[in-house]
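What Swiss-Prot lists as hydrogencarbonate 1 binding site is Ala155, Gly156. What Swiss-Prot records for Thr559, Ala565, Gly566 is hydrogencarbonate 2 binding site, and it gives similarity to another entry as the kind of evidence. If you look up Swiss-Prot, you'll see Cys36-Cys78, Cys46-Cys69, Cys147-Cys237, Cys190-Cys213, Cys273-Cys287, Cys453-Cys490, Cys463-Cys481, Cys557-Cys646, Cys599-Cys621, Cys618-Cys629, Cys687-Cys701 marked as disulfide bond. Per Swiss-Prot, the feature domain 'Transferrin-like 1' maps to 33-373. Here Swiss-Prot flags 450-796 as domain 'Transferrin-like 2', drawing on sequence analysis. Swiss-Prot lists Cys796 with the feature GPI-anchor amidated cysteine, giving sequence analysis as the kind of evidence. The signal peptide annotation in Swiss-Prot covers 1-21.
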Amino acid sequence: MASSLVFVALVGALCFTLANAQHHYDEHKTTRMVWCTKSQAEQYKCQNLTVAIERDRALFDEVFLNLTCFMAYSADECIHHIDREKAHITTLDAGDVFTAGRYNSLIPIMQEKLEGGFADYQSVAVIKKGSLPDLNNLRDMRNKRVCFPWVGSLAGWIVPIHTLQREGGMEVVDCNNQVKTAASYFNNSCAVYSLSDKHNPIGDNSDKLCTLCTGKIPGGRCSSADPYFGYEGAFKCLLEKGDVAFLRHSTVNEMLQTTEFKNIAPDTFELLCRDGRRASINDYRQCNWGQVPADAIVTSSARSFSDRKQYQQFLKRIAELYSDGTRDDQSRQGGQSFNSRNNINDQNAYGQFDNNDPYRTQNQYDQYRSERLDSSFAEERNQQDGTNTSILYEKFRIFESKRYGKPNLLFQDSSRALTVIPEDDQSFTKYLGPAINFIYGIRECPVPAMTLCVTSENELDKCIKMRTALKAHLLKPELICKKMHSHINCMQFIEAGKADISVFDAGDVYTGGLNYDLVPFMSEVYNLGEPEYYVVAVAKEDDPDTELTYLKGKNTCHTGINTAAGWTYPMALFISNGWIRPYGCDSVRAAAEYFTKSCVPGAISNEYNTGVPYDSMCDLCHGTSYRYCRRDASEEYYGHTGAFRCLVEGGGHVAFMKHTTVMESTGGKRKEWWARNALNDDFELLCTDGTRAEIQDYKRCNLGKVKANAVVTRGGVNYNETQMNAYINLLTYAQQLYGRKEVDAFSFSMFSSPIGHYDLIFQDATRQLQVIPPNKRRYDAYLGSDFMRARRITDCYAGASQLALSVGLLLVGSLVAML
């Protein structure tokens with residue numbers, strides 16, 4: 001008896017546990033779904049769907065979800081809202097599915113199916129029959145007026161542009177901007193979004209691809225509000241203004257079934273094949289430009305598998321209840337009970353009771369007002385009990401839109417069903433399949449890669465992060481990072497074609513141009529608004545004995561041997577004014593004989609000092625092991641900030657640097673321990689007249705103005721303008737995306753360095769990169785006469801080179817005179 005009671009108790013406990021578990025499972029089931037709509041008309045159709053679902057709630061059984069509609073104004077807005085979980089699902093063109101998946105982690109969970117069970121469209125080029133007799137092959141597409149659905153649509157933009165790049169002679173003008181490439185190829189056209197921020201990131205697109213667009217309302221031209229937006233809009237554009245329209249194979253027949261175009265015969269149009277021949281509209285299987293997947297329903301990948309499963313079951317039931325795969329759009333029973341206007345701006349476009357009027361705000365809050373759907377019901381006989389009782393049955397159709405004033409709302413009108421995408425296939429790559437080759441192919445660049453040469457491990461780390469950041473946005477050419485032993489090595493590798501670019505100080509721009517035919521093509525810009533900076537001498541405020549006109553016996557801190565601010569300008573000043581003995585043009589010996597101790601990174605390297613090495617030139621340097629006195633970021637006292645650090649903690653009396661360095665490193669702007677207690681007022685500028693000035697007074701108290709650091713590449717016989725333009729293009733887009741200063745652990749900034757490091761690749765003071773005009777892309781033209789004169793004073797080889805050039809010119813002049 002006791003054992004029986006125990007058994008009963010165990011069974012009861014088990015049942016309670018199972019029931020409780022089921023209760024908790026039900027508790028965690030999602031109960032609602034928010035649908036993001038992309039227009040006012042689509043919002044109205046969605047609201048009609050919510051009422052239909054509420055009426056037929058019993059037919060959904062356990063798969064029912066409370067559906068609400070969230071209105072946006074474009075696919076991009078919906079992608080943004082779903083990514084931030086303000087909405088749950090929307091339908092997207094295959095081109096937008098790529099964008100949503102690649103950049104916002106959205107995934108496709110269901111796909112539309114067309115008549116016959118097909119899940120693909122053919123991309124076709126449509127022309128008016130008998131037009132364009134001069135168009136015999138794809139190369140003849142140049143200078144034609146073209147109608148595109150929108151920039152980024154797979155069938156209407158990506159496939160045609162990709163095809164013309166490979167077969168139609170369309171040259172890539174901008175590796176990272178398809179709109180510029182298309183604008184240089186076609187005549188005036190209409191491609192909606194060609195001036196949007198997304199497709200015009202640096203704001204220099206031509207409006208050529210918006211010229212045919214016809215939007216009138218403010219903000220309506222060349223946007224989703226333009227009458228020529230979408231596949232149906234591109235069809236209208238072809239009828240009224242264009243030579244060619246890129247459409248889906250179903251678009252023409254869909255449009256000819258509408259009231260607006262029902263009097264136009266299908267044979268008014270024909271397809272343009274890739275081989276130049278023409279074909280009938282229905283011959284799209286043999287005459288198309290490529291195959292693309294049908295539209296998909298997407299949601300956030302952050303949604304659980306359980307949520308996605310519920311969405312699929314709910315949407316599948318909607319498609320079953322509210323679709324008619326065999327319907328005839330022209331003779332649908334009860335169809336006349338709907339408002340079938342085609343233009344949403346027509347008099348009755350807002351329905352019998354104006355209840356989808358965007359200016360009637362109450363409709364946004366009262367989604368279930370009965371009068372709103374009065375026009376969506378028809379009177380039918382009750383077929384269940386055989387009586388003549390009249391009952392209103394809703395005639396809602398999920399794959400029909402013309403009653404709402406516009407076609408293809410929520411779903412394409414050519415769709416007949418929805419198919420579930422299995423969990424393992426819920427990614428944009430698997431959904432797109434082979435069509436993804438069109439998307440990546442359109443982004444190919446005639447210059448495949450750009451190799452950046454750096455000189456330290458820290459710079460290499462930053463370069464790799466930069467490569468990852470650029471790759472995330474699919475920017476081309478691909479960035480490759482290469483670390484070399486020194487800047488001289490980088491010059492040699494660039495000249496030999498083993499590297500492509502590097503960022504050099506003005507002194508290295510000189511060396512690279514003189515000895516290796518390198519040319520500067522982009523320069524950094526600091527706080528002056530021009531690619532230049534002031535060279536300043538800085539001393540401590542509590543060290544009044546240090547004076548610029550007499551530094552004998554002092555300890556000095558320099559940015560590096562042969563650098564402009566840290567060596568060439570100050571040494572030229574001292575030598576030219578007779579403050580130190582010149583020893584001919586041997587500035588290293590002059591400094592070693594005059595200063596007691598210094599840190600001049602690179603001073604004992606035979607790459608930079610071909611004369612006698614003086615150990616005192618590195619006595620203040622801080623690098624350990626092989627890093628000691630190296631002319632790169634591995635030496636802690638290298639560069640402008642390194643020279644300032646040498647002054648702060650390394651025993652220096654004076655440091656030579658650019659005018660922004662002190663302000664960048666004091667007042668808590670740097671977190672490193674050596675800079676924590678440093679304030680602007682602790683330091684002063686040394687002026688050439690022996691006086692001092694405040695740090696901010698650099699315009700009056702300086703050693704001269706020098707050109708900013710520059711990005712260099714090959715010149716001379718190896719000069720390649722296509723490559724240079726591709727490098728300029730990549731760096732321009734890179735700074736647009738990553739030029740900000742405010743960074744965190746999860747973001748990248750081109751013009752910032754990690755805590756503990758400074759001026760990696762680019763100067764931390766950089767605000768932007770500026771393209772150097774073509775007439776300044778020689779080292780001497782860029783650097784200017786002041787720098788060239790200073791270099792001749794401090795560098796024996798510079799003087800010899802200049803002398804040889806002058807003698808050569810003199811001989812040529814004499815020969816000409818004799819002739």
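Glycine too: its Cβ is placed from the backbone N, Cα and C atoms.
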Quiz item: Which of the recorded positions Gly156, Cys190, Cys287 has its Cα closest in space to the Cα of Cys463 (disulfide bond)?
Solution: Gly156
Exercise. Within 10 Å of the Cβ of Cys621 (disulfide bond), how many other Cβ atoms can you find? Include all protein chains, please.
Key: 27
Exercise. Output, ordered by sequence, the same-chain residues six or more apart from Cys147 (disulfide bond) with a CB under 8 Å from its CB, or 'none'.
Key: Ser189, Cys190, Leu212, Tyr228, Gly233, Ala234, Phe235, Cys237, Leu238, Lys241, Gly242, Val244, Ala245, Phe246
Practice problem: Report the residues of the chain - excluding Thr559, Ala565, Gly566 - with C-beta within 8 Å of the mean position of the site's C-beta atoms, for the recorded hydrogencarbonate 2 site, in sequence order. | Solution: Asp505, Val535, His558, Gly560, Thr563, Ala564, Trp567, Gly639, His640, Ala643, Phe656, Met657, Lys658
Exercise. Tell me the Cβ contacts of Cys646 (disulfide bond) under 8 Å, same chain only and six or more apart in sequence, or just say none.
Key: Cys557, Cys599, Leu620, Cys621, His622, Tyr637, Gly652, Ala655
Quiz item: Based on Cα coordinates, which of the following disulfide-bonded residues are within 10 Å of Cys69 (disulfide bond): Cys36, Cys78, Cys213, Cys273, Cys453?
Solution: Cys36
Quiz item: Can you tell which of the disulfide-bonded residues Cys46, Cys213, Cys453, Cys629, Cys687 lies nearest to Cys481 (disulfide bond) in space, using Cα positions?
Solution: Cys453
Exercise. Please give the average pLDDT for the domain 'Transferrin-like 1' (33-373) in this predicted model.
Key: 86
Self-check item: Cβ neighbour count (within 10 Å, all chains shown) around Thr559 (hydrogencarbonate 2 binding site)
Solution: 33
Quiz item: Closest to Cys273 (disulfide bond): which of the binding-site residues Ala155, Thr559, Ala565, Gly566, going by Cα position?
Solution: Ala155
Quiz item: Using DSSP and three states only, what is Cys36 (disulfide bond)?
Solution: strand
Quiz item: Which residue, of the disulfide-bonded residues Cys618, Cys687, Cys701, has its CB surrounded by the fewest other CB atoms within 10 A?
Solution: Cys687
Quiz item: Other than its own, how many Cβ atoms are within 10 Å of the Cβ belonging to Cys213 (disulfide bond)?
Solution: 26
